[in-house]
Amino acid sequence: MKNRNITCLETMEIVVVCVILLMVTLEVTECSGNGMKIRGSACPLRCNCESDDILQRVDCAYLGLTVLPANLSVFTSFLDLSMNNLSTLPASAFSNLHFLQELRLAGNGLVHFPRGAFSGLFSLKVLMLQNNRLTQIPSEALQSLRNLQSLRLDANHISMVPPGCFEGLTALRHLWLDDNMLTHVPVRALTSLTSLQAVTFALNRINHIPDYAFANLSSLVVLHLHNNRISSLGEKCFDGLQSLETLDLNYNSLSEFPIAIRALTNLKELAFHSNSIQSIPDHAFIGNPSLLAIFFYNNPIKYVGKSAFQNLPELRTLSLNGATELSEFPNLTGTHYLESLAVTGASIKSLPSSICEMLPNLHVLDLSYNQIHHLPSFSGCGRIQKIDMNHNEIQEVLADTFQDLSMLRSLDLAWNKLRSVDPLAFSYLPSLIKLDLTSNALSSLPELGLPGLTHLRLAGNEALLQLLSPQKFPSLRVLEVPYAFQCCAFLSCEKRDFGDTKEMSSYRRRDTGITANQEEQEFGEFFLELEENPKPVHSIQCSPAPGPFQPCDHLFGSWLIRSSVWAIVLLSVVCNALLLVTIFLSPAIKSSAKQLVGLLASANLLTGLCSGALAVADTLTFANFAEYGVLWESGVGCKLVPFLSVLSAEAAVFLLTAVTVEQGLLLCQLKAVDARTPGKVKLVSALCFVLAAAVASLPLLRVGEYGANSLCLPMPSGESSSAAFSVTVVLLNSFCYFVMTVTHVKLYCRQGKGLAEDCLDCCWVKHVARLLFTNCLLFFPVAFLSFAGLLNFAFVSAEVVKSIVLVVVPLPACMNPLLYMLLNPHFKEDLSGLCSPKGNRLVVDSEAAEEKSCDSTQSLVTETSEAPESAWPSQQSLACTAERCPLSRC
């Protein structure tokens, strides 16, 4: 009989299956007048259920369950109980789920499974027990799962796998034991898993693989041993793995090359990167002729045998990244089908001229972070698609270097020392779409043969002043250039194309009442015109993008700023020049205050000249600034103008502080006034200019930057160093204004005591007060901008910053002389003395002058031509008496 060879166990299984089928037949259908209905298919509370004909999928994950859900259908084929709070399972918990094929219990607090926990699961193929608190294999519960194919025990606390724990799991194909606490490979426990195809012991604490560890796993295809502490391998540890194709030994502590891999004749992928292997011996892979990929990077390689990678005909990928001691290019003779080669972070200085003869099928070549000086001709690598040579020492590219590389799509030569690129170097690259030449020393770029380029990176080539033509790069999408002005041509093109696109959209929307035939005819004619005059409508991402500080057309931008700057320039230059002439060429006595005000006028004149230089640059490059922007920013003028501008502005603040302090000292040292000498004024003024020069020199010491924008002036926002410089200057100036304010407050407080009325020229006190108020008022916007830039306040637009820098900052240079000329009577007398006939000097009686000064509230004191040699006036010549010229009237 045919059933003569059937064992008793198999007979019992057949009987059980027949009984189950009978029960299904009786339970599935129940005849009624309305037809047939399914019974026993209720879904557990809070769970999601999906029916597939008779079978049911139940999802009860992430519900915080502490007990198993009730009312599970006997037709359940999939049950997900992951990420709940189940701590124990009762015996025979799933005994009625005979059709269950996949059970997920991951992410619970399960510590133990009792005997019979999985009894009745005759159809179970996938069991997931990861992320629990198991400390040992639940062998008693697993023995009844004869059809189980996939078992996940990863991310538990298993430290030991006893022999025989997998008995009965004859159909098991996939086993996960990673992320546990194993210290050795469970050799005896694995002997019963003859059908195993993939196993992972990764993320454990294994330190040694003994001989014949996997001897009985002849069907094993994938073995993962990465992220352990393996420091040694038995010479025959992989014997018996005739079917192994993938071996992962990454992130271990291997110090010697694993010669045991020679037993893996069918090995296709070998990964043992991030170890401590220092050498690769000759004929290292002689027993692995089927190798397709080798990942060997992040090892301190010092030696590579000449024949190490030879004669590997099936090898497609080789990665030797991080071999810092490797100085010679590896010999790859006989490895003709290699498609991807990466040897980065090594010390290779040259490439063999026969590289393409050895590797005719190469697709990807990555030799970045080496010390290569010269490139051979790659004309024989006709299939290469990507070449990465960044961070080397390449100095030139010849015409035949990349000749006939018709499939090359990406070329990276960034961070080299390129000075010369042959005009025909890129003319043989019809498929090139990405070209990276960042941070080289190029002064020109060959544009021939790059019509299909979509990504072009040229940033960091400071000597590259060439303006690129959009017509020669019609497909460009991403462009990085050294200067923002080189983006102008592409962005203006984009604006014109955008306008054409809007016209096209309006054309499509017009006259919706026409017939369909008329519409088709008009659109046909429209697209014919579009084909005859094709225009790109794509957008271009270009950086650094032009803006208010790096404009395309006009340096100043608006006419309001332009006219204001010119007005400031004319007023400051004319008024300060006139002030200097009247103060230093007038025959009148020059007090210390007057001399310091004259020096203040010289600093203001220098500020006006700096603004004038910017105004002249704006005029000469009007409506076409992009063509000259690079020359302007890289020129001497863009470095000199900001230095002189900061020097003059700071000198003006220091001199104004000196005038104010001089007034206060004159009050406090009534008896020492006669002892003053002109030498002290020279010393104080020299100190002011020296301090101003020191502040202006900070950007030369990399605290801030000159010439970072087209205005060349230091900005209160931008890079951290520029912001730090602006804040430093503002804090210094704030301190000076604070000192001046305190000094004047004390001066006016003593007025009531009659101390100030006998020693000070009331007109100078009033004039210094006006200067202090005006300069303080104009200083507030600048201070606010500096701190706003430091705090990254986005509400302050670049246009506002530009207006303040160009108009408000130099405004004191024209306000200070105007205040002196319009409100100080000393100017009128100095001008009258200067304009009087030659040889006749203005002689004014002192007392009459004082009366006139007091009556007009603007006193003017002059000396006769027989003045003393000292330029410092005496106490009597400077003072208005309390009765005739009180300070309050001035």
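Glycine too: its Cβ is placed from the backbone N, Cα and C atoms.
Automatic prediction, not curation, is the source of TrEMBL annotations.
Sequence annotations record features per position, and here TrEMBL assigns compositional bias 'Polar residues' to 855-876. If you look up TrEMBL, you'll see 575-820 marked as domain 'G-protein coupled receptors family 1 profile'. Taken from TrEMBL, the feature region 'Disordered' applies to 854-876. Taken from TrEMBL, the feature signal peptide covers 1-33. As annotated by TrEMBL, transmembrane segment applies to 565-585, 597-620, 640-661, 681-701, 721-740, 776-798, 804-823.
Counting same-chain residues at least six beyond the ends of the transmembrane segment (640-661), those with a Cβ under 8 angstroms from any Cβ of the stretch are 593, 596-597, 599-600, 603-604, 606-607, 609-611, 613-614, 684-685, 687-689, 691-693, 695-697, 699, 706-707, 712-714, 729, 732-733, 736-737, 739-740, 743-744, 768, 771-772, 775, 809-810, 812-813, 816.
With respect to Cβ pairs under 8 Å, the transmembrane segment (565-585) is most closely packed against 597-620, considering the stretches 597-620, 721-740, 804-823. Per-residue pLDDT, averaged over the domain 'G-protein coupled receptors family 1 profile' (575-820), rounds to 83.
If you look at the transmembrane segment (721-740), the same-chain residues 6 or more away from its ends with a CB under 8 A from one of its CBs are 646, 650, 653-654, 656-657, 660-661, 695, 698-699, 702-705, 708, 714-715, 772, 775-776, 779, 782-783, 785-787, 789-790.
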